[in-house]
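Just below is one structure, and these are the notes that go with it.
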Amino acid sequence: MATIDTILSETRVFAPSEAFRKQATVSGMDAYKALCAKAESDYEGFWGALAKEHISWHKPFSNVLDETKAPFYRWFYDGEMNVSYNCLDRHLADKSNKTALIFEADDGKVTKVTYQDLYHRVCQFANALKAQGVAKGDRVIIYMPMSIEAVVAMQACARIGGIHSVVFGGFSAKSLHERIIDAGAKLVITADEGMRGGKAVALKSAVDDAIGMGGCDCVEKVVVYKRTGGNVHWDAQRDQWWHEAIIGQADTCEPVWVNAEDPLFILYTSGSTGKPKGVQHSSAGFLLGAILSMKWVFDHKADDVYWCTADVGWITGHTYVAYGPLAMGGTEVIFEGVPTYPDAGRFWKLIQDHKVTTFYTAPTAIRSLIKLGSDLPKQYDLSSLRLLGTVGEPINPEAWMWYYETVGQGHCPIVDTWWQTETGSNMIAPLPGAVPTKPGSCTLPLPGIIADIVDEQGGPIEKGQGGILVIKRPFPSQLRTLWGDPERYKNTYFPAELGGKMYLAGDSAHRDKDGYFWIMGRIDDVLNVSGHRLGTMEIESALVANPLVAEAAVVGKPHDIKGESVVAFVVLKGQRPTGDAAREVVAQLREWVGKEIGPIAKPDEIRFGDNLPKTRSGKIMRRLLRSIAKGEEITSDTSTLENPAILEQLKETVK
Ligand code: ATP
Ligand code: MG
């Protein structure tokens, strides 16, 4: 089975500084271990107490966990609450004038909203949704640019028990069409256009096209927020302006008390490995995961300015933009646009201008910013930062080091957070005042998360060996099912081979001598070269450690003798090389990997591109690269691909 012969040779360890540890919510390794021990000795008691403490309940629960219909678990299932109430109303007594959102638009225009304002805006829009016929349990598609209104729309759905399904504004009409139908949406909320890097992105017209493709009779209304004032086609029966829909609506709205298990939202996964899955989350369990990770992993404090750069179209933008920071009564930054407009200093300027304390982004953004100006952060005052985070893909140790030294200036812990759309909140990540970090490792599970690495039958593996990542006990923030497809839910996440109860994450990982988790990539991404198991992640990290290389993706290609050969797709920091120059770099890089890992890991083939094929959330789509490496036609789903043109370039080999 998936034993991985080579493991990253990373040995750097960064213990929390004394100053950070002292002020941290979970301070020191003993405090972390005590929390873990508490969860292990009384699992239900542990979660029950946290749910009581951190969620404001309308009707308290008397039962914690129901496993009778496993893997269809229920948590706190006789309790009633409302997520929007927990994010807004409960802060009004002492934080009504506190800034909830700092929104910076694509053109740099800043708008601030207090908790009191946000509460009124959410209530008013919730009333407008009710007037449009949305009731508890109805599905609402949100296809919006990053904006205050996007958060208002999500919170307003939560307030009236509507189930939102946010579709990233960069997705095509076709992707939107599929999601509208799959969710059976009654209403679509969109904008005329969004702005990205100075260019308008048509949203309303994509909604028109999606509905025009047929089969969307479920959609009764489309509510349109006027963002740019650009031209739109109008269906007077169906379409309604946001600003008109709220006229005459009261700015208070009694929340609809929902059962803890009532769905809060459906969100389709990124589609990195296949057809997107409609992940369904609960209300209370999801909220609890968001709150605890804000507290434990982000060490959230009342005077923090928290900035998660994710779009609300991704799970990260749900848990750490729309819900988590607000549930904490925190101040957060939301930004519209791209990290490279008006220039590659945008992130750093934003941190400086708003005195951001906690910054959470993705390795893809970090790598592209290194490529565009590794010294740029030094031109800004980043002294407000106290904590950095990363999510979405494994972070290569060299990118981690740059993030630590150049952005965090050597004093900010980095929380590398492993989790998924399905898990709802961070699963494996350092508690920054307790767990020493190692570049490239997501370190240890959060208290109460029983993560492990097993073989393909669910059996134990030897220490230090690689295997498949599982979570052995149910946890509150996990998905409840796949929307409308309970069979796929069971087969995908709780396969019979693993006994039907262990959550299969779909990633492979190994643990080092300290028990730290190192994510190696997707299960399919492990290569078998002449009987040696190699993690693609490790070869990629070796390549990225070379000063010439900005990004790399490695896949396997069937080979008659070796079983599999290693094919690397590489983006250089400089120009894409051709001819002799390309041959020379290939030779250099092969030599480099041979030295870094061992001759067995030397790529048999290296191809160069200006970029790599990525999902719109910035993840490398290795399944497409596998097809390219084999010389196959690409027949799998490419609807979530960001940059289709790059595929042609990568078909060219270096001869
Ligand atoms: P799909 O399930 O449709 O293929 P996806 O898995 O890319 O899409 P997400 O739920 O957004 O969709 O991503 C979760 C995955 O991202 C994880 O399974 C893991 O492979 C990767 N990932 C997330 N965070 C980390 C991290 N900190 N380190 C390593 N990998 C990570
Ligand atoms: Mg996935």
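Each Cβ is built from the backbone N, Cα and C atoms, and glycine gets one as well.
In TrEMBL, annotation is done automatically, which means it is predicted and not curated.
Marked as CoA binding site by TrEMBL: R196, G197, G198, K199, T316, S530. Feature annotation from TrEMBL assigns ATP binding site to G392, E393, P394, D416, T417, W418, W419, Q420, T421, D507, R522, R533. The Mg(2+) binding site annotation in TrEMBL covers V544, V549. According to TrEMBL, the domain 'Acetyl-coenzyme A synthetase N-terminal' annotation covers 32-87. The feature domain 'AMP-dependent synthetase/ligase' is assigned by TrEMBL to 89-474. Annotation source TrEMBL lists domain 'AMP-binding enzyme C-terminal' at 538-619. The N6-acetyllysine annotation in TrEMBL covers K619.
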Candidate with sparsest Cβ neighbourhood (10 Å radius) among K199, R522, K619, the listed recorded positions:
K199
Protein Cβ atoms within 10 Å of G392 (ATP binding site), excluding its own:
23
Nearest of the recorded positions (R196, G197, S530, K619) to G392 (ATP binding site), judged by Cα-Cα distance:
K619
Where R522 (ATP binding site) falls in three-state DSSP terms:
strand
Reported in the order helix, strand, coil, what are the DSSP residue counts of the domain 'Acetyl-coenzyme A synthetase N-terminal' (32-87)?
27 helix, 7 strand, 22 coil
Since the record lists T316, T417, T421, S530 as binding-site residues, which of them has the fewest other Cβ atoms within 10 Å of its Cβ?
S530
Closest of P394, T421, R522, V544, V549 to S530 (CoA binding site), Cα positions, binding-site residues only:
R522
Report the binding-site residues (T316, G392, P394, T417, V549) that meet this criterion: Cβ distance to the nearest atom of ligand 1 under 6 Å. Use sequence order and write none if nothing qualifies.
G392, P394, T417
Average the pLDDT scores across the domain 'AMP-binding enzyme C-terminal' (538-619) and report the rounded value.
92
What are the non-local neighbours of V544 (Mg(2+) binding site), defined as same-chain residues 6+ apart in sequence with CB under 8 A from its CB?
R367, N396, E398, A399, A550, E551, A552
Taking the residues R196, G197, G198, K199, T316, S530, which the record names as binding CoA, find the longest CA to CA distance and state it in Å to the nearest whole number.
50
Return the maximum Cα to Cα distance in Å (whole number) over the record's ATP-binding residues: G392, E393, P394, D416, T417, W418, W419, Q420, T421, D507, R522, R533.
28
Residue distribution over DSSP helix, strand and coil in the domain 'AMP-binding enzyme C-terminal' (538-619):
28 helix, 27 strand, 27 coil
For G198 (CoA binding site), the one of T421, R522, V549, K619 that lies nearest, given that the recorded positions are compared by Cα:
K619
With DSSP assignments reduced to helix, strand and coil, which class does T421 (ATP binding site) get?
helix
